[in-house]
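Notes follow the structure.
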Amino acid sequence: SVLTVACEQTEVLLFDPISSKHIKTLSEAHEDCVNNIRFLDNRLFATCSDDTTIALWDLRKLNTKVCTLHGHTSWVKNIEYDTNTRLLVTSGFDGNVIIWDTNRCTEDGCPHKKFFHTRFLMRMRLTPDCSKMLISTSSGYLLILHDLDLNKSLEVGSYPILRARRTTSSSDITSSGSSGPRAVGSPCHQNNSGPPSEKTLSRPSQREGGSPRNSLEVLTPEVPGERDRGNCITSLQLHPKGWATLLRCSSNTDDQEWTCVYEFQEGAPVRPVSPRCSLRLTHCIEEANVGRGYIKELCFSPDGRMISSPHGFGIRLLGFDAHCSELVDCLPREASPLREIRSLYSHNDVVLTTKFSPTHCQIASGCLSGRVSLYQPKF
């Protein structure tokens with residue numbers, strides 16, 4: 001029932017998405033740019049900012065924050081929430097993923113702990129069932145934590161066995177067709193560079209028939225046209241049914257951008273020598289190279305049949321086929337182009353973000369100059 005907008009100049013705007021009326025402006029929601037907003041339930045929502053903090057808000061009392069959370073040391077870019085455990089998960093450009101226990105929240109904040117750290121971190125997402133965490137990096141790596149346990153912090157050098165997989169070797173990921181090795185190093189800090197010993201690989205934490213809890217898989221997803229140049233994964237979204245991940249990638253030279261869909265393969269690799277990766281490129285499309293250097297946030301529709309993607313001064317609605325079929329009903333043997341269903345242009349500046357309403361037949365988009373547009377079909 002409320003559309004919230006994160007703004008560059010410390011503000012959060014609230015609108016009625018049905019009438020398009022402006023409800024309220026939180027003029028000093030933060031002390032720097034507001035980056036992301038996440039609703040925890042029907043009344044509580046969280047915001048994060050370049051001021052390194054996260055704030056909790058209650059729609060019934062917007063004059064003051066519920067509390068402010070301190071723990072990051074650089075810009076906070078992403079907020080996720082596990083509704084089962086009521087744990088808030090945030091990530092920032094300090095490379096940290098931090099867990100906040102909202103069950104024990106006070107005016108002074110929430111108990112928190114550092115869960116994970118990696119260099120070049122861009123975005124972090126949880127699958128709908130919170131069984132996996134995906135992390136994208138500016139160096140072109142995609143990290144997947146399998147069989148996720150948010151109550152257990154991952155210390156440096158203690159990641160379970162999937163960390164040893166040679167995910168940038170073409171002979172080791174033939175089924176996913178990943179690109180060649182990157183010029184940059186591993187995205188994870190480590191105590192030593194050598195592979196785990198046989199004793200490490202047979203540790204008791206590996207359960208029969210599956211991977212150990214929080215086992216880490218490092219991938220270099222295939223991006224068309226980027227085999228020799230490397231890329232930056234700027235935007236990361238997940239299919240609402242957990243079937244796939246959606247990436248927006250730009251080349252290191254900023255002269256190309258791509259939207260790519262990767263299907264989750266069944267299960268997770270058990271052995272570090274397994275040739276199969278957890279993701280397979282199914283669909284992709286080249287994007288307009290407008291607004292270089294700015295991150296464009298795309299999204300799935302609530303039913304997962306369509307993708308809304310910023311495209312120059314507007315957005316494109318993309319489907320897996322011309323009939324907007326379910327992904328599982330039109331999986332190609334080889335990567336296929338996404339189909340353009342409709343283009344919508346109403347902005348006078350570069351569109352940076354777009355979002356489907358979870359309840360209404362409506363799409364919102366926001367551009368660099370601060371204009372917000374709402375779209376809905378005519379019946």
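FYI, residue positions are counted from 1 along the chain as it appears here.
Cβ atoms are placed via backbone N, Cα and C, with glycine included.
Straight from TrEMBL, the features:
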- 27-60: repeat 'WD' (REPEAT)
- 69-101: repeat 'WD' (REPEAT)
- 167-228: region 'Disordered' (REGION)
- 167-179: compositional bias 'Low complexity' (COMPBIAS)
Helix, strand and coil counts within the repeat 'WD' (69-101) (DSSP): 0 helix, 21 strand, 12 coil
Across the repeat 'WD' (27-60), average pLDDT on the 0 to 100 scale: 95
The repeat 'WD' (27-60): DSSP-derived helix, strand, coil residue counts: 0 helix, 18 strand, 16 coil
